[in-house]
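Features of the protein shown, as given by TrEMBL:
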DOMAIN    495-506  domain 'EGF-like'
TRANSMEM  512-532  transmembrane segment
TRANSMEM  544-563  transmembrane segment
TRANSMEM  579-600  transmembrane segment
TRANSMEM  612-629  transmembrane segment
TRANSMEM  635-656  transmembrane segment
TRANSMEM  672-693  transmembrane segment
TRANSMEM  699-718  transmembrane segment
Amino acid sequence: GLFVTDYFTRTPRKLSSFRSFASIELFHFHIPEDTVIAVWNLITFKEQGGTFGDQCPDRSITVYFRSGAPSVINPLHTHFPRDTAIPGSFALTLTWTLPNRTTGVFNVSSPLPGDWFLAAHLPKDEGKISVKGLYEECQYLFQPQLIVQRLVNVAVLYPGYITEQRMAPHNRSCLYKVFVPSYTSRVLVEVLQCRGAEGCPLWLRVRAKAPPLHNSTALDCREHDPCRLALDLPFWQHWYYVLVEKHPGVPGTVSFQVTVQLTDCSRPSLARPPFLTSSSSMPHSFGSAGGLMLEDSPPPTSPNGTKHLAPITSSTGERCWPIRPTLRNELDTFSVHFYIFFGPNVSVPPDRPAVFVINLLPVLDSGGVLNLELRLNVSSLCGENVTVFGCLNHEVPLTSGDNTSVTCETEHLAGFLLSVNATASLSRLRIPYPQTGSWYLSLRSLCATEHGFESCTNVTAEVYLRAYLSPCINDCGMYGQCKLLRTNNYLYAACECKAGWNGWGCTDNAEAFSYGFQLLSTLLLCLSNVMFVPPVAIAVRSHYLLEASVYIFTMFFSTFYHACDQPGIVVFCIMEYDVLQFCDFLGSLMSVWVTVIAMARLQPVVKQARAGNGHVLYLLGAMLLSMALQMDRHGLWNLLGPSLFALGIMAIAWTARTIQRRHCYPPTWKRWVFYLCPGALIAAAAVLLYAFVETEENYFYIHSIWHLLIAGSVGFLLPPRAKPSGRMGPLPRRKGCGYQLCVNEQEELGLVDPAVASINSICTS
């Protein structure tokens, strides 16, 4: 056949350490029909500071693959919520072959068409809290690329017609496909008139949705005459691929005929009439079938074959029952309710099942959780020991001829089993990230006896049925937050757990914080701000009223910010979280700013504007800090920038005084030994703890120590109050407005409050 190669790529994305599904990177691909091979090229590289990260450590990268919906992964081996079905997926771990780059290849032969999802993440880290911008962070970027090779013009088999084929010596196989409509209970593929050098040296393979593989349903035509392959309960509204393959080493040409017959389960004694198989619901790739709707229309002609009507034989099959549709009611994103007509209470008769269909829209519904709930009305059993079984199957309802069977699986069909009886009257099922399409629920009632289950007589059970789509399982519970995430144009939801809880629905409490620990952590972070009371008292006593008000502001908002920032249930918020966080960060930076400006002891003409008697530098600092916090609240330079600028002002002021006085400023050794050096050491220790020691596990007590150290350093670094008594020797200054401006000598020595000195040092000329 003719092959066409398609190429798809995605933009590189930065990978994160795994904490929950909300921390993974999800990639969405679409594989076309008739694809024979798909090759994913997985490119990973390191970056550090805008360059290749040769010095970055090698961290393994795990990639998950799944068709139809995102993978439900559990790398931390946590517990899933009860009644949760976990769909399978394939995982691949990439290792590094070069210092800064590695490439992995993942091949899938005959992949299922439609949506494919890749999820990638780094291993869980140690939980260190790093300050943004402190050092160049190692980044691991992941870029998947997809190359698909698909067949063009695959020959189509039409039910009830014979296709003749001659397989040349250089050919090994012939591929066909047939469309299976709804209400089909059996697909019968038959090879006729097979002639070759060694009898019928052919293999007959059949597979749904994609070309067959070596492990697909197969039949050796040399050992079976006639060569017939039957598939019960085929998937509805899908292509089935038929591969006729020649045995290796067979010489010469092999000629044969192939035909397909479909059994209509609504009429199990009859096969479907030729070419009247719900043509209106066939895909566009069916060719010209869309225009053939009349019984007398001729069948289309396929290459290398002549068609004539195959004999339609009577075939017994399973009977399918009427399927009741559901009404889709969309409330919000991933919030959809499926209502049953004349429900939600449904009657399950004893002689036949009740079948319902739930249609999930492609792509749109695969990012949530499909929930199913059955509740038995015990009063409707009339004292009988009745059990109602429910089978949820994808793309085809399970109807078994054995009425006593309680399984929901066959050789080619998987399903989920629910059961309710008088003892356990409630049953739930949750399917995270369900595959889209049609889901069929079959309900039937059986009576329990000594020999197992048997058909009931004259008992119609009544069941309350509820089916709905939700973003997360139970809204992630009390210790989680359901987040709506997006990758390009695909939406999905995932839980982000807190307070040590883990799991898909935040229900795994193996590492959960106890209530006592949560209360202790909250009290530590909140009450440690009480350490600001001594600096406030010192500032008020020294007449630093503006500084005292800033410290009170910081103490208040830091206390209530940490009371609102707790991960558990010990939470108290007086305002919105964002407002409290902004005020806490602003107060912390303003405390550093006003303390350093006070230590600079600027002259009144610089520190105060005479016109408005306002503090120019204080106001300027507040405006600049507010702007910086609005730009990047967690940036390193939001803390270092204003602090270094204020320290620069203080250094310039102290240097000017040292040059003017020709003596080190402050001049007294007691000020250095008992105040400045201890305060600087305490502040440096606080910064080191904050930047290098703090992790998620020790955050509660390390950050509390940070509060204590910062508040303590302010008490040491704040200049002392003024002492009016003593020598007031005025220094000559220029005259102005009839007054001679004088400066207190003690102010020059850094021993008094400049505000007091400015009042007591005005001398009449």
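Just so you know, glycine gets a Cβ as well, placed from its N, Cα and C.
Sequence-distant contacts of the domain 'EGF-like' (495-506), counting only residues of its own chain at least 6 positions beyond either end whose CB sits under 8 Å from a CB of the stretch, comprise 19-22, 72, 74, 76, 78-81, 84, 432, 472-474, 476-477, 479-483, 512-513, 518, 567-569.
With DSSP states grouped into helix (H, G, I), strand (E, B) and coil, the domain 'EGF-like' (495-506) comes out at 0 helix, 4 strand, 8 coil.
The largest share of C-beta pairs under 8 angstroms with the transmembrane segment (512-532) comes from 699-718, of the ranges 579-600, 635-656, 699-718. The listed stretches are 544-563, 612-629, 635-656; of these, 544-563 has the most Cβ pairs under 8 Å to the transmembrane segment (699-718). Across all of the domain 'EGF-like' (495-506), the predicted model scores a mean pLDDT of 91.
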